Amino acid sequence: MYKRVLLKISGEALAAGRGFGVDAVFIHQVAKEIADIARAGCQVAVVVGGGNFFRGVAEQAIGMDRVAADHMGMLSTVINAIALQDAIEKDGLPTRVMSAIEMHEVAEPYIRRRAIRHLEKGRVVIFAAGTGNPYFSTDTAASLRAMEIGAEVLLKATSVDGIYSADPKKDPAATRYETISYMEILRLGLKVMDTTAVSLCKDNNLPMIIFSMRERGNMLRVVQKEELGTLVTA
Ligand code: UDP
């Protein structure tokens, strides 16, 4: 079993088909899966996205300044982090939200050593506000934090069960990769995550597993090293 993982959950996933906001039922399902892996003895850190509320690039298109839009995007990840914290604590597990943008009343500031200490004590750590910088994504924040805390693997939970040669929702001939390298992802232009995040993982040899969290128990299966989804190697 993996001892320490970084789990990336997109904001869109938390909206669970509603398109906007947080789905009250689904967030508890996600929280339960996280609690299950933590109880099984795996140290879990989570990076949450914010696309269910606000996405910098999209808002820029309607005439907003990119930096202002990204600030709003980062704040939206804090909303998700608090919602997830609440749901995990309802499941009886201690958690800490650590924000890359300081807001003492709401969350702890991100301090690497303190994050590691929380993990060692069995607390689920939720990283909010991405990297704290505009022009980045929460996928990049996930790769960065995974490396900082020494996670063995980056787990990207999505609504699709891995990486496909084309969009499986549009192209029935699309096939799923069991393994693929970061270089191939870049070469084929697969929309798995943005290129900054891909290069960061590639340059630092951080493996990633992309899997579907639609089926219950998948998170535990992945942490127990069952072959699921797509393994991305450096
Ligand atoms: N964002 C940012 N810097 C970061 C992480 C996120 O500026 O380090 C902003 C950016 O505008 C992004 C938004 O926050 O669009 C929400 O994050 P993201 O799109 O990665 O969320 P997800 O797609 O995972 O829901």
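We count from 1, first residue shown onward.
Positions of Cβ are set from backbone N, Cα and C atoms, glycine also.
Same-site candidate for UMP binding, as annotated by TrEMBL with Asp70, Thr131, Gly132, Asn133, Pro134, Tyr135, Phe136, Ser137, Thr138, chosen from Gly50, Gly92, Gly162: Gly50. In this structure the residues listed as binding UMP are Gly50, Asp70, Thr131, Gly132, Asn133, Pro134, Tyr135, Phe136, Ser137, Thr138; their two most distant Cα atoms lie 14 Å apart. In this model, the domain 'Aspartate/glutamate/uridylate kinase' (3-212) carries an average pLDDT of 95. A separation of roughly 11 Å, to the nearest angstrom, links the Cα atoms of Lys8 (ATP binding site) and Gly50 (UMP binding site). Least crowded of the binding-site residues (Asn133, Ser137, Thr158), judged by neighbouring Cβ atoms within 10 Å of its own Cβ: Asn133.
Overall, the recorded ATP-binding residues Lys8, Ile9, Ser10, Gly11, Gly51, Arg55, Thr158, Tyr164, Asp167 cover a maximum inter-Cα distance of 24 Å.
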